[in-house]
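Annotated transmembrane segment per TrEMBL: 64-85, 97-114, 121-144, 150-172, 184-209, 229-252, in sequence order.
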Amino acid sequence: MIPPILAGIAQAGQSHCPLPNRNVPVAHSQFPCATLDTCRSRTETEGILMHELMHSVTRVNLRSLVRTLAPSLIVALLLCGSTMAGKIPVPGTPVPITLQTFVLMTAALTLGWRRATAGTVLYLGLGAAGLPVFSGGGSTLSLIGPSGGFLFGFVPSVMLTAVLAGTANRAITSLRTKHDMHPALAGAARFIACFMACAFGFLIAGYGFGAAFQSTVTGMPLGITAASTLVFVPGDLIKIAVASLLALPVLASADSAR
C-alpha cells in the first residue's frame, strides 16, 4: 500500500504542466493549464508534499535513534547510580564490592551485547572524561589504578556474557518450538544458560583480566592477585542468580514475540 504522502507526490508529478511550445504563441499553443498561476500552484503543492515526506522520515529516524540509544543511556545511568549507592571494602584487596557487576549482568542478559556494551563503554567514557562515576568518586585515575583492570574488564565480560546467553536462548527457543518443550522446563534451561554465561563472562574472563591488570600495576605476583579475587565469588554468585531470575520474564516475552 502506497503511503498517502507518496501517493500525493506521484499524483502531483503526473499532473505537471508541460511547457508551452516556444514556436507557437501562448494564446494559440496547446497548453493544458488555464493559467501560469495554476501550474505554479501545482508545483507549490508538490513542494509541500515533499516537505511533509521529509519531515515524516526525519521523525521516524529520530524515534529509531531514541529507541536504539535509550537502553544504553539507562545502563550508563544505572552504573553511575550503583556506584553512588556505596561500596563495601574487602580486606586484603583494594577492590571494593559494588552493585556495578549486578547491573552489567542484568543488562547483558536482557539487552543483547550491542546495547549493553555501548552502555558500558559510555560509562567508562564518562569516568575517563573526569566525571566522578567510579567507586569512591574516582574518575580518570581509577582506570590506571589497581581496580582499573576490573573496570576495563567490564567490556569483554558484558560482550561475552551477552553472546553466550543469546546463543543459548536462541537454541532453547528452537528446541521448545520443535519439540513442544514445557514452559517450566524452558525456563529452567534459560536460567541455567544465563547463570553459566554470567559465570564464564564475569567470574572467569572478568576476574582474569582484572587480576592480570592488578598484578601489572602493583607488581604483585599474578597468583596472589588472582587468589585475592576469590573473596568476591560468593557475592557474585548471588548477583548472578538474581540477575538470571530477573532476565527470565524478558527472555520469555521475547520468545513469545517470535
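From the backbone N, Cα and C atoms, a Cβ is placed for every residue, glycine too.
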Cβ-Cβ under 8 Å with the transmembrane segment (184-209): same-chain residues at least 6 beyond its ends: 101, 104-105, 108-109, 149-150, 152-154, 156-162, 164-165, 168-169, 172-173, 175-176, 226, 229, 232-233, 236-237, 240-241, 243-245, 247-248, 251-252, 255
Leading stretch by Cβ pairs under 8 Å, where the reference is the transmembrane segment (121-144) and the options are 64-85, 150-172, 229-252: 64-85
Cβ-Cβ under 8 Å with the transmembrane segment (64-85): same-chain residues at least 6 beyond its ends: 98-100, 102-104, 107, 111, 115-116, 118-120, 122-123, 126, 133-135
Contact set, same chain, for the transmembrane segment (229-252): CB under 8 Å, 6 or more residues outside the stretch: 90, 92-93, 95, 97, 99, 101-102, 105-106, 109-110, 165, 169, 183, 186-187, 190-191, 194-195, 198-199, 202-203, 207, 210-211
